[in-house]
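**Q** Please find one structure pasted underneath; my questions will follow.
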Amino acid sequence: MAKVRVYELAKEFGVESKAVLAKLQEMGEFVRSASSTVEAPVVRRLKEAFSQSSESTEGAKGGQEKKKPSPKPQPSPQQQTKASAPSAGGETPRPAVPKPGPGLKPGPRPVPKPGPRPGPRPEGGAGKAGQQPSGAQGPARPESGKTPRPVPKPGPRPGNNPFSSTASGMGTRPTPRPPASGGTGAPRPGPRPHPGMMPPRPGASAGGPPRPQAPRPQAPRPGPGTAGGRPGSSAGGPPRPVPRPGPRPSPMNMPASRPTPPGGARPSTSSRSGGGRGRGGGGGAGPRGGGAGGGAPRTGFGGRPGGGRGRGGTAGAFGRPGGRPSRSRKSKKQRRQELKDMQAPSFGGVKIPSGNGKVIRLSRGASLADFGERIDVNPASLVQVVMTQLGEMVTATQSLPDETLQLLGEELNYTVEVVSPEDEDRELLESFSIEFGEDIGSEEDLKPRAPVVTVMGHVDHGKTRLLDAIRNTNVASGEAGGITQHIGAYQVTTTVDGEERKITFIDTPGHEAFTAMRARGAQATDIAVLVVAADDGVKPQTAEAIDHAKAADVPIVVAVNKIDLPTADPQKVRAQLTEYGLVAEEYGGNVQFVDISAKENLNIDQLLEAIILTADAELDLKANPDMPAQGLAIEAYLDRGRGSMATVLVQRGTLRVGDSIVCGDAYGRVRAMLDENGNRVKEAEPSRPVQVLGLTNVPSAGDSFLVVKDDRVARQIAQQREARERFAQQAKASRRVTLDNWQKTLEEGQREELLLIIKGDMSGSVEALEESLLKIDPGTDEVAIRVIGRGVGAITQNDINLAASSGAVIIGFNVRPEGKNSELAERMGVDIRYYSVIYQAIEEVEAALKGMLKPEYEEVQLGTAEIREIFKVPRVGNVAGAVVRSGVIKRNAKARLIRDGVVVSDNLTVESLRRFKDDVTEVREGFECGIGIGYNDIRVEDIIETFEMREKPRD
């Protein structure tokens, strides 16, 4: 239970806070202010004390009411005349109005006692009781001949409305403040009211509705001299003028009003007995009869005279609802949650509920805000936990690596699962009710499709030459350096057993830098053709291609190339491939080997036949051509005239011109499609490679593409993919900065970095070049490579501006600057390097890294001299007379003093060097000289050795 504050107790008791503070001090409890908290036992004692005091107060009030005397006798006319004198000069407080008894019956009733008058009243001029001025009203006196009914005289009640005077007919006169209990005091008149600020009298305002009153019988008119009338008025005088209403008063100045109960007089609800503010009597049935008899109770704080509700009862006070605070019981769920929070483990002062092994799925690059949202915890608390428990400095919105999220989950007893990119993309597509990777429809909807064949192997083993022989083209002659540096896709038609069959070939690079391309080609293929040179045998990239094919679970057909060379040995190749699990059919295996010569065009038809037989025997290649197209982006690049272009392989469905397509983080509408020969096509069926125009940007090679119903869905999917990939890259690039490696991180921040901006003609080439450059090992931590920009297409002005501001080097791979950007780069001093072969770029960047290394120095001995004599020179010190034993002694060279083979002093300098009386710069072997080294503790036969530090090349 929460502790209660003093002001809350005061509100509950209906008293002021200082009264509660005083009571606590009487009880011996020390509290500082009304905002201090009070313990539960003290609250109980305080409630008992206040309940006892309230009972005693009520008993005292009851006794006082019993001891109240009867109404005083009416004063004599002389006393009334004397009493009227001070009222003429100023406002004199008048006595309280007698409180009428309950349920007045028709008949003779007591008339109000006339109060002091300003002058003698004319005879016969008595008005109605409801029309008498408030200042001339006193206790009621019975009519002559009638027995008056005793009415207890209530005590005076103080009025808090300064605008209650009726001297000018604008309201009632202020009521005098009652004296303190047990004593008497002179009444103090209130301030004179301003006529414009006086509230209109109820029932007398022009246009105001009359106050509802119960009908009462008319009281007999008092006789002459028995009731106070209006000064200067008589029975036959003119009627009393109705006061004109002033301006609308402020609600704070309005007197509180309540509906008049039957009987005309309103009962007082004050906490202590007191009369009303108006004149008494409850007159006749006139418009003001009895209107002010009871007076309106003051709305004040509890415990004060005239107070209504308790302290804080005003609605809206301090932003709280009106009335006393309610203490409702907490539900079981709230109590259970509080108990759970109390039992939650604390991490560095932060309580976080335990996960109890609950599994939390987070995407790549998630932040603490994402984690906190999943477990319903404030991210600021998680930041504190990471800093105190894991020792890492992070922010709530920073993308975190997967291992950091998993470590945090272990600390909080959660099992964190980082969603893989494949699952992430599948969940994204499922949110749009899209299924990727499966054919839609029944078995009857599936139709045969052409096999997709990937040609793989080591560099320079003849892969592209083989495709040229199959297509009767000469692609290899146009490639830079004679090597393939991007993926090419082609579809050819061959005749097998008199039937035309289509085969789609994918040519992959064989250079070691294109590992990702070979893996991508193997994933998109049905059959892998492994090309091995008969004169070279199995090489590293050959073994890597075998691993990719086995990982993709595709059958392999081996083409032993270059059998026309005199050094060719096909049997040796078969024996080597046996070690990798590829056993030829003639050796009892299930792998087909075909000996070919791509250059001489030998046995090419046999290779195509072997591919078709393998596809028919081991694979059931079918697809639904009627569904929306899905497939894979093999390559992508930026064309100057056509914009973003992507070479895609349709795997399912049919791609048509005008379809809305999304490929990775790129989207658009298919404007045109081209085949491998540059001819326009209107649709592409399964296993057909085409070039697509119309994408918003260049996608990454290897991204999947699919056709959606409209451009809006394509845009949403592409934007969400881009955002997720960006978060993943941020998490990958962020380095874990812990308290343990803080100093090391600061030192790494001071190391040299080679900043690069890579621009290439193909997306796959840029990817391969970046991966190869980041793998360069300079052999030290002093330098590093950081790629700050990459892209496909010509070198733009934005690339040059970025390089100029960051000091980066631009690498153009088969691209050039557009327009006058080359001149801009020269003016801004930006270094642009152009390459057409990937290994040339790798070699030069590696050389540049080594050139950035800090130089290393080695010590080289110059010469030695033996001391023969010691000379004392004034203001200089001891000077050695020596003979040069070896090498050369040079002035300002570094020196050390050696005595009996032990270094006596190091870090000395040859300050002076003389040959006889001449200053010289050096003295060679065999000559005598005077040497001053600035060191006086020298002895005969000491050796002076001179040396210098020379820079040595870094390996």
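Using N, Cα and C of the backbone, Cβ positions are placed for all residues, glycine too.
Residues annotated as region 'Disordered' in Swiss-Prot: 49-352. What Swiss-Prot records for 326-335 is compositional bias 'Basic residues'. The domain 'tr-type G' annotation in Swiss-Prot covers 448-620. What Swiss-Prot lists as region 'G1' is 457-464. Sequence annotations record features per position, and here Swiss-Prot assigns GTP binding site to 457-464, 507-511, 561-564. According to Swiss-Prot, the feature region 'G2' maps to 482-486, an assignment based on similarity to another entry. Here Swiss-Prot flags 507-510 as region 'G3', drawing on similarity to another entry. Look at Swiss-Prot and you will find 561-564 tagged as region 'G4', backed by similarity to another entry.
Describe the structural context of each listed feature in the structure shown, including burial, neighbouring residues and relevant distances.
**A** Around Gly457 (GTP binding site), a 10 Å sphere centred on its CB holds 28 further CB atoms from the protein chains shown.
This prediction places the mean pLDDT of the region 'G2' (482-486) at 50.
Counting residues 6+ beyond its ends, the region 'G4' (561-564) has Cβ neighbours under 8 Å at 461-462, 465-466, 531-536, 570, 595-600, 602 in the same chain.
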**Q** List the same-chain residues at least 6 positions away in sequence whose Cβ sits under 8 Å from the Cβ of Ile563 (GTP binding site), in sequence order, or say none.
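**A** Non-local contacts for Ile563 (GTP binding site): Ala534, Pro570, Asp595, Ile596, Ser597, Leu602.
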**Q** If you draw a 10 Å sphere around the Cβ of Asp460 (GTP binding site), how many other Cβ atoms fall inside it, taking every protein chain shown into account?
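**A** Its Cβ shell of radius 10 Å holds 17 other Cβ atoms.
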**Q** Give the three-state DSSP assignment (helix, strand or coil) for Lys463 (GTP binding site).
**A** helix
